[in-house]
Amino acid sequence: MAETETTLLVKKQANDASSEEKSPVSEVSSSLEQPKFSSKLGIMLTSIGCAVGTGNVWRFPRMVANNSGENGGLQFLLVWVAFLFLWSMPLIILEYAVGRFTKKAAPMTFYRLLGVKTTWLGCWINMINFLVGSYYSVLVGYTLFYMVHCMFFPLPTTLEESQAIWRGFVDESSLPVATHFVITLGCAIIIWRGVESIELVMKVMVPGLLVLVLVVLIWALTLTGAWQGVVYLFTPDWEILKSPRLWVDALSQNAVDTSAGWGQFLVLGTSMAANQGAVQMGVVVPTANNAISLISAAMIFAAVFSMYTKLKPGGAAGGAVKLLKENGPANTGLTFIWMPILFSFMAGGRVIASLFFLALAMAGVSSYVTMINTSVQPLVDLGVKREVSVVLLSILSFLLGIPSALSPKVLANQDFVWGASLIFSGLMLVYLFWRYGSSDFRVHLVNQAGAEGGDWKVPKAYEWLVKFVLPVEGTVVVVWWVVDTVQKETISWYEIGLDTLMTAILEWAGLLILLVGFNVILCFFQPQISRWWRPVAAASHDSFTRCCRKGKQGRKEETGEISLEDLSLSSQAKNAGYNSL
């Protein structure tokens with residue numbers, strides 16, 4: 001396939017830079033003013049916060065239970081670890097390297113590396129991330145409510161009591177909308193100033209989350225019968241390896257759990273310095289994420305087995321595993337229905353329950369922050385004031401999330417549709433790797449770019465892994481998802497329903513038509529769009545400047561006595577956006 005002029009130009013720049021004993025990234029980056037993380041620790045903790053989310057605690061244990069046999073669940077853990085190396089790490093390394101090189105989010109990255117005709121691919125990645133974030137904040141709001149409820153009200157001791165609390169919260173009140181608003185507002189404040197504020201918050205939140213999870217785990221292991229759950233978790237049942245579902249679940253869990261292919265690490269890579277290695281981050285971050293998932297699984301298995309032992313002394317392990325498989329809208333059954341009951345049977349249960357839901361809330365907030373930040377970056381790339389972008393997208397995210405907050409069924413539908421489409425995002429990044437040139441990508445964007453900071457080098461096998469293995473994995477997951485969805489449906493797949501295949505196809509098609517239509521317009525009317533966009537971006541800076549100017553500065557504006565120095569920063573930012581188009 002012929003390469004675009006943009007691709008050849010970028011490769012020529014990279015080759016010229018390498019001949020002068022410079023990293024290709026250093027030459028491109030030298031003219032940009034993208035804020036940088038202050039340290040390797042800062043970007044590492046921010047990236048771990050991006051990867052670690054509520055799914056580590058409530059989805060992963062259920063996946064293990066669903067793929068466990070009579071003897072245990074170790075077979076799932078082994079396959080899950082294998083896909084860490086065969087899916088998550090290669091994609092995350094790819095994202096970091098691309099972001100570090102282009103200093104742009106996904107839409108402008110595709111535009112610059114592959115040409116204007118592929119811009120819609122980057123827009124797809126960014127839009128899916130944004131749509132997932134719009135309902136994800138509702139789930140994080142659930143954890144906020146339960147944390148407060150456990151602190152100030154007695155824990156439920158029966159299934160009926162727990163279900164009454166759940167129904168009273170999601171079905172009979174507007175509290176989910178309120179908690180959704182609080183989470184959205186809080187995260188908007190965190191990302192208001194960009195990398196500096198995000199890094200500061202993550203340096204506190206991620207270690208705090210890890211401490212809370214370890215505290216609850218240690219406490220759970222002291223309970224009677226808890227070690228039976230841990231032993232079961234790490235005992236194999238090799239017969240289950242024959243099940244195709246185990247392999248698909250292990251891969252999909254890695255895709256969802258680590259945020260690989262979502263475009264979030266690409267945006268984080270735009271703020272990486274040369275000495276902050278893409279390969280090192282791409283290995284350490286998903287490993288840390290999966291370690292937290294494993295700790296969470298041990299914590300949940302220990303707590304559930306302990307409770308089951310008290311209720312049914314001498315009962316078979318299968319009963320506890322069945323409880324772990326309990327599901328609800330968006331996998332909430334175990335977390336919000338059963339966990340409060342489990343804690344009620346234990347000494348100090350309210351304290352531990354509050355800490356448990358606080359840990360969940362912190363995990364959710366850390367992920368949601370990076371989701372919104374990833375969505376904001378494309379507008380910043382186009383010259384829109386960052387603060388204006390944060391306000392606009394936070395408002396839009398809140399509005400799009402209201403239907404999910406009002407109805408758990410709508411929430412489940414959004415998770416069903418947009419959660420599955422994240423695999424497509426990963427495959428689009430693989431396409432970028434293939435079209436750019438796998439060898440040039442590995443040599444210039446990964447190995448040479450990271451040499452200055454002593455980053456690890458990836459071998460030739462990395463090219464084959466990304467070009468051939470990842471597409472097969474992604475295709476298998478999509479095909480299996482389609483087959484499994486059709487088999488599970490209580491109505492025909494072609495009928496409209498909250499969780500039917502036709503509903504997903506229609507929602508995907510709507511987004512696809514919108515993005516491709518925009519791309520066609522961009523191809524034919526790029527100069528006109530560029531001229532039209534300039535005053536729009538300028539207005540975002542000017543209006544923000546007017547709103548925030550105080551005191552003497554404000555009086556200067558009223559009398560027209562604004563100096564060039566007052567406007568210099570806005571002008572620089574505007575020009576950066578104009579040049580993008």
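The backbone N, Cα and C atoms fix where each Cβ goes, and this holds for glycine too.
TrEMBL: automatically predicted annotations, no manual curation.
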Task: TrEMBL annotation, Na(+) 1 site containing Ala51, Val52, Asn56, Ser367 - matching residue among Asn289, Asn290, Asn447 - done: Asn289
Task: Listed range which TrEMBL flags as transmembrane segment, given the options 139-156, 175-192 - done: 175-192
TODO: Write down the single range among 110-129, 330-349 that appears in TrEMBL as transmembrane segment.
DONE: 330-349
- [ ] Please name the residue among the binding-site residues Asn56, Asn289, Ser367 whose C-beta has the most neighbouring C-beta atoms within 10 angstroms.
- [x] Asn56
Open item on the list: Which residues of the chain, 6 or more past the ends of the transmembrane segment (464-483), have a CB below 8 A from one of its CBs?
Closed with: 83, 86-87, 90-91, 94, 244-245, 248, 251-252, 255, 420, 423-424, 426-427, 430, 433-434, 438, 501
Task: Contact ranking winner - 175-192, 330-349, 355-376, 503-525 against the transmembrane segment (388-410), Cβ under 8 Å - done: 175-192
Open item on the list: With CB pairs under 8 Å as the measure, which of the listed stretches 78-98, 291-309, 355-376, 416-434, 503-525 comes out on top against the transmembrane segment (204-227)?
Closed with: 291-309
Task: Leading stretch by Cβ pairs under 8 Å, where the reference is the transmembrane segment (355-376) and the options are 78-98, 175-192, 291-309, 416-434, 503-525 - done: 175-192
Task: All-chain count of other Cβ atoms within 10 Å of Gly49 (Na(+) 2 binding site) - done: 27
Task: Non-local residues, at least 6 beyond the ends, that sit with Cβ under 8 Å of the transmembrane segment (291-309) - done: 52, 56-57, 60-61, 64, 77, 209-210, 213-214, 216-217, 220-221, 223-230, 232-233, 257, 315, 317, 319-320, 323-324, 334, 338-339, 341-343, 345-346
